[in-house]
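First comes the structure, then the notes that go with it.
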Amino acid sequence: MSNDNSVNINNFSSMNGGGGGSDIQFPLKPSQQQQQQQQNSINQSTIRTLEITQELRYEIDFDQNGWMKLIEGTAECFGTELSLNKVYKLSGTKGAVFTWTGCKIEITNNCQPYIGEKTPMPQYAGVYQELDAFRVSILDEPKKSGPRVIIVGPTDSGKSSLSKILLAYSARSGYQPLFVDLDPGQGSITIPGTISAAHIQNPLDIEEGLAGGIPLAHFYGHTSLDVNPDLFKALCKNLASFIDKQLDSSNISRISGFIANTCGWIDGLGYKILLQNIDVFKANLIIVMDNEKLYSDISSHYSQKDNSIKIIKLPKSGGVFIRPPVFRKKTRMNRIKEYFNGINDNLSPHYIVLDFKDVSIYRTGGGPAAPASALPIGTSSQIDPLQITEVYPSLDMCHSIFAISYAKQASNIFHSNVAGFLYVSDIDMETKKITVISPAPGPLPSRFLLLGTLKWMEN
């Protein structure tokens, strides 16, 4: 996916890597005894036999390392086929391996594996078949867009899992759908605090996750929508405009369409934001995960407004795990760590020292503000949520994440996507220098840096 401002921000030249503003800290390194106990656990594995349409569910902590291997039959993980006898390393993840044919899988015991017999995978596959049929039906109709899918539902209802499955099946069929991530609390494409989009040309990598093309991202700067909902809505409009241009850029893009994942805030203001995004992204298929009321509300809303939108309801898998706040925080920590250090610590981030005079730091909304949910009933913030305010470097910016804007001038910051991210390691007020960590060496693409409430601790 390219545009005039594209640059590979996986290492900036690349962007793939509860509450905004809280420090994210690494766990301490395990002791030698703990490492030995962990190694002993890794060496212990079992072989699980799955019958037709069963799935093997697993869950492993962030400080554990395990693996699994398909030794007989065929199986897939989030729509991606497993290779026979290939060892897949697992750490800090939860998932499931599904089989249409029956299979045998060897897996380490620290993955806490168990077999689930009831799975909605046949229903998920049925939805993909509908998408495929729709794509085929518009092959010779250049004015029609392919599937524009928005997946909605409460937290921990399986939205991300379904997104991966539909994207993987699409890529396996030769399509190149856009994956649109509208959940700033998760950061599936880049890092938390962003909304982004990327073309998906291959199924997800089982070890490394989604492997999209060069992403386009807007920096929201927070992990919760209620910190600045007006900014979030405005950035979504910007991203939707980009999506329209991308789908018009080639026939394969038009036919492939997009799959959009959303956050789990589905009531009150969160529901209104969902409806706005359905409209601005011009969705033609809404998938509601595991919530009767949300399905009823959306169906009622669009039955009076737009009968061209199809709305379906799907159950969540029994393998969908409830993610406690600690797990969510660790997941966000890990996404930022992977951006700078690589999936398996295979990247070497670079320290760069910047003079105060060489950068301009901007904060949206005119400065920190209380979340909308924290304001007294009937009142609203007096701060313009879309105001761009330049701020002087200060010590409280240490451990913050800066986004590097592509804007050529300050007035264009709001409408510009970002080139990558920096971690603020130190600020020296006497020498007027900022020490940052960058995923790549060399000069910054722009002097304009964006600041939100996102923080991270390097060690």
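For all residues, glycine too, the Cβ spot is worked out from N, Cα and C.
It should be emphasised that the depicted structure is a prediction, and the values quoted were computed from it without experimental measurement.
Quick look at what Swiss-Prot annotates:
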BINDING   GLU55, LYS94, ASP156, SER157, GLY158, LYS159, SER160, SER161  ATP binding site
COMPBIAS  1-15  compositional bias 'Polar residues'
REGION    1-43  region 'Disordered'
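Around the Cβ of SER157 (ATP binding site), a 10 Å sphere holds 23 further Cβ atoms from the protein chains shown. SER160 (ATP binding site) falls within a helical segment according to DSSP. Ranked by how many other Cβ atoms sit within 10 Å of their Cβ, the binding-site residues ASP156, GLY158, LYS159 place ASP156 at the bottom. The Cβ of LYS94 (ATP binding site) lies under 8 Å from the Cβ of TYR58, GLU59, ILE60, PHE321, ARG323, each of which sits 6+ residues away along the same chain. Comparing Cβ neighbour counts within 10 Å across the binding-site residues SER160, SER161, the minimum falls on SER160. The Cβ of GLU55 (ATP binding site) has 24 other Cβ atoms within 10 Å, all protein chains considered. DSSP gives LYS94 (ATP binding site) a strand state.
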